[in-house]
Amino acid sequence: MALRCPIVSVLGHVDHGKTSLLDKIRKTRVTQREAGGITQHIGASEIPIDIIKKISKDLIKMLGANLTIPGILVIDTPGHAAFTSLRKRGGALADIAVLIVDINEGFMPQTIEALNILKQNKTPFVVAANKIDRLPGWSSVDGAFITNFNEQKQHPNALTEFEIKLYENVIAPLAERGFEADLFSRVKDVSKTINIVPISAMTGEGIPDLLVMISGLAQRFMEQNLKLNVEGYAKGTVLEVKEERGLGKTMDAIIYDGVAKRGDYIVIGNPDGIVVSRIKALLKPKALDEMRDPRDKFKTMNEISAATGLKISAPDLDNIIAGSPLRIVPKNMVEQAKAEIVEEIEETAIQLDEEGIIIKADTLGSLEALATELRKVGAKIKKAEVGDVSKKDVIEASSYAQTNPLNGAIILFNSKLLADAKSEVEKYEIKTFEGDIIYKLVEDYEEWTKEMKELLKSDEFNRLTKPAILRIIPGCIFNKTKPAICGVEVVYGTLRVGCSVVDEQGKRLGTVKEIKDKKQENIKEAKVGMEVPISIDGTVILGRHIGEDDIMYVELPEPEVRILSHNYMGELRGDEREAFERYVELKRKLENNPFWGI
């Protein structure tokens, strides 16, 4: 059975050389315009195996490799955002990835992000340790690294510096994250150890080694996945929809299996439903030397086989979302394709909660990745959509926050707040998190959640009735009733204005309306040991219902007793706990219910 090209994605931190590497790969041997040269697809570059064999012949001979794949298809858009956007059933579209790391700088936030995404998707990868040309004393060449890595070609100090940087900035950070890795020439078992290929995207050093490693690993471990269904219909993923001069609305896509034919029907899975449209044209870019007119950039194809990038001209392509699954089928298979796509969408659909936050992302794949990471930290998700944040989203978030303030948040990955939403965010005090690094967004959200919980806990605790036991001081009954005014000692706990007080039989005496200090000024609370005059509004008559030296308890509602008991015993002072325990003991005795307050 024929094999297709493995699909390769390049990930890594900003400025570590992703684009430079792709540019260098694309330029390899292109200037010679030889037969079988690198083909520029829509959104991808195909490097035929003949080119790889030619530029890497010495290395292939040294390794004894027998490469049978037709080549490799490198996704042109680098970075983890593109990687997460390009999905297929069962995971990432890319068969293998290149994680690029600046050997001089080491791991940075987006490196960690990329590694997390690869781990989550179980995508095999090689590490390209870039910028070796910047190592002190390193003599870089345009060719294989392995033949340049010796004492005949390099100064001993440069070799020592290389080993130090390789270990400290690449091997050790990978080990910290659970990956065994080593220089590719030292790896004995590629199924257990990550291959590190030193490269220079500037000089071209190590590019042959990298291409051979990618090809060899893909062929060895993914042969089953690379078997091409040459007779079958095409399966793919939407890259983007855009306007093309002379063509109108077109769609760029990556096809990873089967054959697409002109006149077939394209079936696309969209969050709003299945879109079906008949293909007017299958387009591929013309080679540079074929472009007589800049407006005439494409050539029409009758059929195109996987793996490939292509442009599709068809009606009704509005509102198609990047990352959406697609099928290209003859008319009699449209219903089957629709059913397949519905099943695929249901498999990957984000499970929403009854209450929670709103998340937004630029593509379906990004949205899935964001939701997955948020779930790991216990986030509840009420709404998950592709696109920017509108005024309607903010108003919805404010309504969610009414149920629980922790729901008043919107997380935006590669999305933005629309103009009409910005003022609403301020008006409704909705917390927003914006960024292009998922793990950083999740960390920030987690930190905010922690702070909010502490704040809410503090607010709830402060709203709860504080336990207290009071004694009426002899000679300090100043007014017997309406209001009853007397001096009390706070024996245990904290007495607050607004609480109800009961006697030792549990009978309510009234509500504490005022507490005064020694200067006869109103205060909000009195703590243990304080002697203060208080006024009680209620039916109590001092001297008849209760008298000097008698004990009063602050009345604690049973629901509040449960909350205090379960959540806040550690927040109570020792004397407050004493007041609480004595009151609960009294209530259980009076109610003849040992489970009161539990």
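Cβ coordinates are placed from backbone N, Cα and C, and glycine is handled just like the others.
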Among 130-133, 354-357, 382-385, Swiss-Prot marks as region 'G4' the stretch 130-133
Per Swiss-Prot, the region 'G2' among 37-41, 102-106, 462-466, 557-561 spans residues 37-41
In the same chain, residues at least 6 away from the ends of the region 'G4' (130-133) whose Cβ sits under 8 Å of its Cβ atoms read 16-17, 20-21, 100-104, 140, 145, 162, 198-203, 205-206
Neighbour count check, CB within 10 A, over binding-site residues GLY12, ASP15, ILE132; minimum at ASP15
A correct count of other C-beta atoms within 10 Å of the C-beta of LYS18 (GTP binding site) gives 27
Here the mean pLDDT of the region 'G4' (130-133) is 96
